[in-house]
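Presented below is the structure to which this report refers.
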Amino acid sequence: MTMFSNKQTEKFSSTEKSDQTPAHVRDSSDILHEHSVDPLLGLSFDRVDQLQKEFGPNRLRPPPKPSLLKIFGTQLGNAMTLVLIAAMAVSFGTQDWIEAGVIAALVILNVTVGFTQEWKAEKTVAALESVGSPVAVVVRHDASNKGREGKIIDVQTDEVVPGDIMMVKIGDIIPADGRVIDNHISNLEVDEALLTGESLPVSKQTETLDDKTCPVGDRINMVFSGSQVTKGRARCVVTSIGMKTELGAISEALATKADSKKRGWRRFWEKTQVFLGVKGTTPLQIKLNKLAYLLLVLAIIFAIVVVSSTGYVDIPDSTATYAVATAISLLPASLIAVVSLTLATSSRELAKRNALVRKMDAIETLAGVTDICSDKTGTITVGRMVLKKAWVPSRFEAPDTKVGQTYAVESGKDPYYPRGTIQAQDDNDDDNESGISDSDAVHVNELDSSFQELVQSAALNNMATISASDEGGDWDAQGDPTEIALQVFSHKAGHGKPHLTHPPKHRTKKEDHPAPKADVDGHFEMLIEHPFDSSIKRMTTAWKLVGAQGGDDDDSKQHIFIYMKGAVERVLERCTHVSIGDKSIEMSEEAKDDIIKKMDQLAAEGLRVLALAGRTDRLSNAQTVKETKRDDVENCFGLLGLVGIFDPPRPESKGAVYDSRRASIVVRMLTGDHAATAASIAMSVGILDKNHSKSAVMTGQQFDAMTDEEVDALEELPVVVARCAPETKTGFVDALHRRKRLTVMTGDGVNDSPALKRADVGVAMGLNGSDVAKGAADIVLADDNFSTCVRAVRKGRSVFTNLSKFLVYLLASNVSEVLVLLVGLAVRSDGDAVYPISPVGALVINTLTIGPVAFALGVEPTADDTMLQPPSNFFTIFTPRWFMDLFAFGIMAGALCFANFIIVIYGRNDGNEDVSASCNEGAVNSECEVIYRARAATYASLLLMLMVLAFDCKHSTRSVFKMNLLDNKLLIWSVALLSLSVFPVIYIPVIKDRVFQVTGIGWEWGMIAATVLVYFGYLEVYKAIKRLYERRLMRNSDLENSNGKEIRMAPTMEPNTV
């Protein structure tokens, strides 16, 4: 069982230097001799001190954490922030302190929000990072010790040195790489899923291997740092520590910079591009940054236009201030603050749903994701083995292996919970699942004798234990995952091991334990154990029944019970008959064929199939059985039945996959498990259809053997890739990128880390994920749940939609404001322009007014149809439709505002009103009365029309009358309060004339109300035309489909680009 190809081993393995013979091809005695260490004495304390100075601490080099200064620099280097800093400098240069102060406040807000969010994300992830095993058990001695054995002591994991004799047992996290020592191992099995992705534990041996290039997963005489012992115990000599372990090798490979070879101007230019935000970030951020620089250029041009209106002679301060105001009006000054606050809010919402965002840019990228490449174990599945089906040869009077009985076993959300329904199902009904009603359940005391014997064998021939957690929630288990599944199954059937091995008076009361209890007479005591041996693939134990009623008078109570379990073929070769209750039939070749066919049938469902067998012997032979060789004990067994075990999918996975498919997102499974198991799980959750093509399932070896050209020539990439190595995953991500696909990669192990970094969005598991994986990821799932990843995609789409809404709102506001300011230059007095809006008024609208409304649009609730649209709807915001809306909204609002300005100045008195350019300087006199009234009407008209526009931006085509206007209370309060802010600006002394250069108005309110109504009607008519246009497009699309043309249609319910 391995996930690592030879190529992968060469790439990541750093356990031994290239000029040394790998430890797995050396005899353990040679390694002990090299380190001058005795397996019983261990290293001396003096020698340990020397080695610690030579090799340093046993810890991985932590991934580089961004410093406070780096995070601050990243936020300060944002394109829009740089533009605002430039505008602030100009404002200070012209001594416009109010304007400069407002811009400075915006810069501080932008940087503070972004800095705080990223720093919090780093601290949250740091709190989740696993710390591994805090202590290691080693053997050491004092140099003066003349004894035959050293002291077994606990030391900190980072104090382990090469040559240490470490002792590992069930439940331990292995602190370093080591070679298993001959004659010092007992039934050792290790879970290496964190390193290899393999869901089943690896049985360890001491035999020396021959292949120097043997993949890591096949080095069965080695144990590796970060792995967990699931069974047995052993002494091992440490061969590598820290960054020299296999775990460290992958961590080192991940940390290698891709551009390390770049030098000179090319590297400087690339770093400059990254700093300016036009490279090395998300596509949306790059486009926003480029837009900011484009707007900066246009702003400079417009400022020059304003200054040129004076003829460049005696330029007054007010003109310079107005030029800066015009330039800033073109810039969406609150854009960065709104984007940062929107992403921060979304990040907090995702955190509440167990998705911790390390890099906020990832939220944007999630919107356009086309493929989710997920690991299987612990992500789509629960990561725990459960018994799904059990089969006994027959329940009928006439024994017949062709007419067996299959039992389906119910498993709930907690795989360790020892209660569940067991149903005797139709053996020919392959589709019958374990979700059954209580009326169909088989009571534990109604189970036929064949099934009871099978359950008893599963319980007794088993070293695993289950128990209720101290908190009273989920159940805990210790032991081999397969044996845990068998033990939980036996508990559900009322034959749990504690119930069978405890005397009746010491058994748990029924009311104190959730598992059902069968009536068992007496209790069992173990005589011998022959542990599981990977070379023969079976395990055997012998038990005697003590304290049964009937005593010596009942012959059935005077036997010992010997049980065996293991691989079906290996168990069958030790069986001479088939046991069916108190009857049996000979194990003929025909019977073996029937049993093998049943095994294949269960295996085809993705189950790992084990055979259980048993026999009895006279109690008087108990001592003989203890002294008999294993090979002689394991003979003349009767087959009891078969069991099928698997790692079940999470209950939420199927719904999450369904939501992804509705969103036109392809879910792909990349796993280290076998192809049959992976395909079965994929079909059960909907990743694969029952009628899928053969090319939909591929092994890692098959994929790796193909060239890039051959992969690109495939019509479709495989949906399931089994037995894949880390390089397979990175190669698969590259293949998707060559097809212009945006990819999410989920994973938990160290083996997933390179692919997590290569993917567009890397998603690591927080509960069972490695530190290396978390360091490489953009998002960490606190609950390790695949459905949480899909919820994150849904939120990403919602954020993208809301970004589109508030961007069109912000920029349309800028267009309307700039239009008023530039066209207003045409209104002149004595050759000087008279400004329709004061510089401070323009700045307030551009920052303090539309900013809060834009943020409210940024946190709009997620639309119901968000996951019904194709990813192509989320690739770009800046589409022709979006620009059409932008200018349609902005130009109309600007035109109506300027019309009001002209009407107030000239229309009221047939153009006889005098105007004075001195009103631009804030003069308070009768000559400025009309100008100030016109500015007040213009300011109020623009602000109120922008408030109306905010509601229209909630949906690109739907009428306001058909929207749910109450679903965003923040927007309602923002619009209400900002609409009321018009009155203090116009009527409070000093503020109105000295700051905003306006005055109170009267009849103009009627004109303003009419203007707002005209603008509202215009927006409704514009949307109605868009709806008619889209319906026509839909009819044309339907016509093309009816003619057999294959096209992809985007839903029209709520496109995310306007």
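The backbone N, Cα and C atoms fix where each Cβ goes, glycine too.
Bear in mind that the values here come from a model prediction, so they are computed numbers and not experimental data.
Listed in TrEMBL:
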type: REGION; residues: 1-29; note: region 'Disordered'
type: COMPBIAS; residues: 8-29; note: compositional bias 'Basic and acidic residues'
type: DOMAIN; residues: 22-96; note: domain 'Cation-transporting P-type ATPase N-terminal'
type: TRANSMEM; residues: 68-91; note: transmembrane segment
type: TRANSMEM; residues: 97-115; note: transmembrane segment
type: TRANSMEM; residues: 291-313; note: transmembrane segment
type: TRANSMEM; residues: 319-344; note: transmembrane segment
type: REGION; residues: 410-438; note: region 'Disordered'
type: REGION; residues: 494-516; note: region 'Disordered'
type: COMPBIAS; residues: 494-508; note: compositional bias 'Basic residues'
type: TRANSMEM; residues: 806-827; note: transmembrane segment
type: TRANSMEM; residues: 833-859; note: transmembrane segment
type: TRANSMEM; residues: 886-906; note: transmembrane segment
type: TRANSMEM; residues: 930-949; note: transmembrane segment
type: TRANSMEM; residues: 970-991; note: transmembrane segment
type: TRANSMEM; residues: 1003-1025; note: transmembrane segment
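Here the transmembrane segment (930-949) sits apart from the transmembrane segment (68-91); fewer than 3 CB pairs are under 8 Å, leaving out pairs fewer than 6 apart in sequence.
Within its own chain, the transmembrane segment (970-991) is flanked in space by residues 841, 844, 849, 852-853, 855-857, 859-860, 936, 939-940, 943-944, 947, 950-951, 954, 998-1001, which lie at least six positions past its ends and keep a Cβ under 8 Å from the stretch. Across 68-91, 291-313, 319-344, 1003-1025, the stretch most heavily in contact with the transmembrane segment (806-827), judged by Cβ pairs under 8 Å, is 319-344. Beyond the ends of the transmembrane segment (1003-1025), by six or more residues, the same chain brings 888-889, 892-893, 896-897, 899-900, 903-904, 933, 936-937, 940-941, 944-945, 948-949, 952, 956-960 to within a C-beta distance below 8 angstroms of the stretch. The recorded stretches the transmembrane segment (68-91) and the transmembrane segment (886-906) do not share 3+ CB pairs below 8 A when only pairs 6 or more apart in sequence are counted, and are therefore not in contact. By the count of Cβ pairs under 8 Å, the stretch nearest in packing to the transmembrane segment (291-313) among 319-344, 833-859, 886-906 is 319-344. Confidence across the domain 'Cation-transporting P-type ATPase N-terminal' (22-96), taken as the mean pLDDT and rounded to a whole number, stands at 83.
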